[in-house]
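Below is one structure; the comments refer to it alone.
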Amino acid sequence: MRDYDEVTAFLGEWGPFQRLIFFLLSASIIPNGFNGMSAVFLTATPEHRCRPGRDVDLEQLEQEDCLDGWEFSQDVYLSTIVTEWNLVCEDDWKAPLTVSLFFVGVLVGSFISGQLSDRFGRKNVLFVTMAMQTGFSFLQIFSGNFEMFAVLFVLVGMGQISNYVAAFVLGTEILGKSVRIIFSTLGVCIFYAIGYMLLPLFGYFIRDWRMLLLALTLPGLLCAVLWWFIPESPRWLISQGRFKEAEVIIHRAAKINGIVAPSAIFEPSELQDLSSQKPQSHSILDLLRTRNIRMVTIMSIILWMTIAVGYFGLSLDTPNLHGDAYVNCFLSAVVEVPAYVLAWLLLRHLPRRYSMATALFLGGSVLLFVQLVPPDLYYLSTVLVMVGKFGVTAAFSMVYVYTAELYPTVVRNMGVGISSMASRLGSILSPYFIYLGAYDRFLPYILMGSLTILTAILTLFLPESFGIPLPDTIDQMLRVKGIKYRQTPSHTRMLKDDEESPTVLKSTAF
């Protein structure tokens, strides 16, 4: 039986249909750039001082509560949630907690979105979670207290990562092999960076947190019209035995591309094979079924977690760098664009694991050099931090492609979702890495740089997926040679039933 790429080869790689899917899925990611780092400005703490009252004992001022409230400087921010609810002094822990709670929502969303998407379809989960992100972000504007804002921020985080992963997997499965890499690096990621770059621009002109949140929420409403243009993944439909629906989508794609499609996309024997197959349900346990897939899953979890600590740690650290907070945030976003271009070039010409290791070594080693910069050359420190962000961002871009290629269609969204969930554990920890800078300003860079370099070494032991067709079933994934494993009795029986041994895919792994 032919694989999906062979069946749809007549469509071409870059016709009007592929360009439409490429642009629309990428554009749907822009609101994620808004929400991903909005806490940098929403939870900012302006300069402040206690508003002195009539009966304040100046000798006991340090010990007494600020009974008459606080005075906040409006030189940078007119209002934030910190000024709204006085999140300073004994309540100063609530502002950084907000960032962690957002990533807790992202963590939960990563865990459930993969399984929901593999069960109910990529398209359905994509649009439900986009509505979730936009709706709860809009409700945050009307928050009456910190607790309401924090709870809604958790729900926004759940929607944010869920639609990102769903859009990524949907594009990966619809687009052809050559376009898939461009979509995963230059498409989705650059449109995310565009949203990220617009965040400080909106923040500079809108200094009130409620109006800023409203401005960042409205673009999400435009994504609703994409429902009538973005189809379901034919790969997913085929994996569910719904090949007739897949044929309709493929015929529609051929019509858009101006190509006459065969009357029957699948040969009669292929349809018979698909009809005889019983739809199989897959769970998270399938990611641990054999030693091979189990080791790949564990190593992916470590890889994603470390990259997330570096990426979000450096992104959240921008207000602590010397200079204007808005300019630093903008630079942190701009540096991602060349990082994505580098990732695309590396993925085109070098094996995946070597590309990942190169980017991680670059980012980690540069961060270790920050501590050697003389105090008067603070601009050089900023440059080194941005170069570190450059390397970690390139790795973050490539890890999505790498992970998606390692997992088969039936559990691909689940595999990417679980790996992404691990990265959210790193993102939850990242604010506390930055907090260590209060004890030693170089400690965050030393820790993030060391972890990044160690992860680069670990990456070299992952299986290689460069030049290998996407696996559609778990059985096909088991053919990837990278980690030796013993055949289970069930796998041996499968070989006997098929009456032939599966071909081992070529790999350059150790």
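Heads up, the Cβ atoms here are built off N, Cα and C, so glycines get one too.
Note: TrEMBL annotation is automatic and uncurated.
Marked as domain 'Major facilitator superfamily (MFS) profile' by TrEMBL: 21-467.
The region 'Disordered' annotation in TrEMBL covers 491-510.
Counting only same-chain residues 6+ beyond the ends of the transmembrane segment (20-42), those with a CB under 8 A from a CB of the stretch are 77, 80-81, 98-99, 102, 126, 130, 133-134, 137, 153, 156-157, 160, 163-164, 167, 170-171, 174-175, 179, 182-183, 187-188, 190-200, 202-203, 209, 212-213, 216-217, 219-220, 223, 226, 229-231, 256, 315-316, 318-319, 325, 329, 333. The feature transmembrane segment is assigned by TrEMBL to 20-42 (among others).
Annotated transmembrane segment per TrEMBL: 93-112 (among others), in sequence order. For the transmembrane segment (93-112), the residues of the chain that approach it from at least six positions outside its boundaries are 39, 42-43, 45, 81-82, 85, 87, 129, 146, 149-150, 153-162, 165, 312, 316, 417-418, 420-421, 423-425, 427-428, 430-431, 435, judged by C-beta separation under 8 angstroms.
Tertiary neighbourhood of the transmembrane segment (124-142): same-chain residues 28, 31-32, 35, 109, 113, 116-117, 149, 152-153, 155-156, 158-160, 162-163, 166-167, 170, 210, 213-214, 216-217, 220-221, 223-224, 226-227, 230, 232, selected by CB-CB distance under 8 Å and a gap of 6+ residues from either end. Residues or ranges marked as transmembrane segment by TrEMBL: 124-142 (among others).
According to TrEMBL, the transmembrane segment annotation covers 148-170 (among others).
Here TrEMBL flags 182-206 (among others) as transmembrane segment.
The annotation transmembrane segment is assigned in TrEMBL to 212-230 (among others).
Using a Cβ-Cβ cut-off under 8 Å and counting only residues 6 or more beyond its ends in the same chain, the transmembrane segment (293-313) has close neighbours at 103, 286-287, 356, 360, 363-364, 367, 388-389, 392-393, 395-396, 399, 403, 406, 415, 418-420, 422-427, 429-431, 433-434, 444, 448, 451-452, 454-455, 458-459, 461-463, 474, 477-478, 482-483, 485. Summarising the annotation, TrEMBL assigns transmembrane segment to 293-313 (among others).
Taken from TrEMBL, the feature transmembrane segment applies to 325-347 (among others). Using a Cβ-Cβ cut-off under 8 Å and counting only residues 6 or more beyond its ends in the same chain, the transmembrane segment (325-347) has close neighbours at 33, 37, 40-41, 44, 76, 181-182, 184-186, 189-190, 192-193, 196-197, 199-201, 203-204, 314-315, 318-319, 355, 358-359, 382, 386-387, 389-391, 393-395, 397-398, 401.
Feature annotation from TrEMBL assigns transmembrane segment to 354-372 (among others). Same-chain neighbours of the transmembrane segment (354-372): 303, 307, 310, 339, 342-343, 346-347, 381, 384-385, 387-392, 394-395, 398-399, 402, 442, 445-446, 448-453, 455-457, 459-460, counting only residues six or more beyond its ends whose CB sits under 8 Å from a CB of the stretch.
Annotated transmembrane segment per TrEMBL: 378-402 (among others), in sequence order.
What TrEMBL records for 414-436 (among others) is transmembrane segment.
Feature annotation from TrEMBL assigns transmembrane segment to 442-462 (among others).
Most Cβ pairs under 8 Å to the transmembrane segment (442-462), among the stretches 148-170, 182-206, 378-402, belong to 378-402. Sequence-remote contacts of a segment are chain residues at least 6 beyond its ends whose Cβ falls under 8 Å from one of its Cβ atoms, and for the transmembrane segment (182-206) they are 22, 25-27, 29-34, 36-38, 40-41, 164, 167-168, 171-172, 175, 212, 215-216, 326-327, 329-330, 332-334, 336-337, 340-341, 343-344, 347, 397-398, 400-401, 404. Nonlocal intrachain contacts for the transmembrane segment (414-436), taken as residues 6+ away from its ends with a CB within less than 8 angstroms of a stretch CB, comprise 96, 99-100, 103-104, 106-107, 110-111, 113-115, 117-118, 161, 165, 168-169, 282, 284, 286-287, 297, 300-309, 311-313, 316-317, 320, 399-400, 403-404, 406-407, 443-444, 447-448. Counting same-chain residues at least six beyond the ends of the transmembrane segment (212-230), those with a Cβ under 8 angstroms from any Cβ of the stretch are 20-21, 24-25, 27-28, 30-31, 34-35, 38, 41-42, 123, 126-127, 130-131, 133-134, 137-138, 140-141, 170, 199, 202-203, 206.
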